[in-house]
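Record features, source TrEMBL:
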type	residues	note
COMPBIAS	A:222-239	compositional bias 'Acidic residues'
COMPBIAS	A:244-264	compositional bias 'Basic and acidic residues'
DOMAIN	A:2-36	domain 'Exoribonuclease phosphorolytic'
DOMAIN	A:62-126	domain 'Exoribonuclease phosphorolytic'
REGION	A:222-288	region 'Disordered'
């Protein structure tokens, strides 16, 4: 029995040089991964859950990282880590993967560019420098994450995204063309259909009541049903979002407002007016 | 790694060659009458066949035609009987052959003078009949000869060779057991006159300081191969002019 590990890479935004980004993401994910601990006694294999024993990291021998070089004008210009715009106009790309022990893991030249031996050697030296920097950065990031988990701080993808608060709602005033307004209005009126024929004969049922025309079908029955559906939907959503409290509050305020129409409505001191924001649930603390 | 096995104490490789020695090259041009250009090359036990059609008008979608140069279309396939066990994977369509075909296309697009044939297409089909190491390089060499046989103008020969490392000695032109040993392998395609590298591929780990060693070995191998291919082309030309009665 062996473990099988699967690495899925998703590209969210392409702004050039996917290869480098993907290689860093892949190797960091593998270094960050922890698998359940196992003990083997003869033929018996026991797999421990994360609660019983701390999960174990994979044994990573080395961290290969890719660096891409874009060539322009038949090798006159060389750019490291090309952006999307640069990739569109480049002649070709040379990718060199290296680890921090200065071992080249792979070289691939593509795009039909013509290289000279010295260019290749120069690129490999530049790669050595870049990879050393990158490996240091990765080590630091992994250490920070491990520290944060141990101390019980916040970690994970959601936490790494900064909160963006909307503090003001501003709408630019839109200009409306009021030239020739009268002419436009005239046009609309003349183009519109003439009103339907007027029924000139009212039908008298009883003194004081008269019926003019037939009238359309009563659609109030349908309206009631759809309203009921809407309310049910809202309730389902609100259970998750915690809006139920707020909704009940607003309903109560409405009812209080109706009762006390004679009195001046004071909203600021009412308890129901207090808006309560429910904190998202804290994730269970995991010790590593 | 398996370095001790690859190179004996006296400095002989598994098949008795010296580290910088190439395998025996036998090549023939014009093997088929119907195609515009064809060539067959044997490098040791590796056998590769290349066929060239063109330049001809674009078939199918005319919209793909380039207004200022010719389109190069390549296909690379490994015959089902080429390896020791019959291949069950599809000859085209699997990712590795598709990638090699792409590399072929890029290499030859840079080497052929495509500006001379606007709005036309050149087809290159490479078939590996026996795979005994250096398959892709043999394919490139065969394609070069086939293009010359078809009379398509090129900037220069495209000579390809593989190279590897055993401890601190560079080995040129790897055979299949040497490739399978798992050491670092370099595949290089060179335009000999200008010394420009059209394709460079390295797999497995190699220390940066040894890169130059491996590169030099591959470059030297390509240059020796160029001499052989040049002789083959001249011989073919001599035969053709004799047939014409010059």
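Using N, Cα and C of the backbone, Cβ positions are placed for all residues, glycine too.
The list of residues near the domain 'Exoribonuclease phosphorolytic' (A:2-36) in space but at least 6 beyond its ends in sequence, with Cβ under 8 angstroms from a Cβ of it, reads 47-50, 53-58, 60, 63-68, 81-87, 95, 97, 134, 138, 141-142, 145, 288. Residues belonging to the domain 'Exoribonuclease phosphorolytic' (A:2-36) score a mean pLDDT of 91 in the model. The residues of the domain 'Exoribonuclease phosphorolytic' (A:62-126), classed with DSSP into helix (H, G, I), strand (E, B) and coil, number 16 helix, 28 strand, 21 coil. Residue counts for the domain 'Exoribonuclease phosphorolytic' (A:2-36) under DSSP, split into helix (H, G, I), strand (E, B) and coil, are 15 helix, 2 strand, 18 coil.
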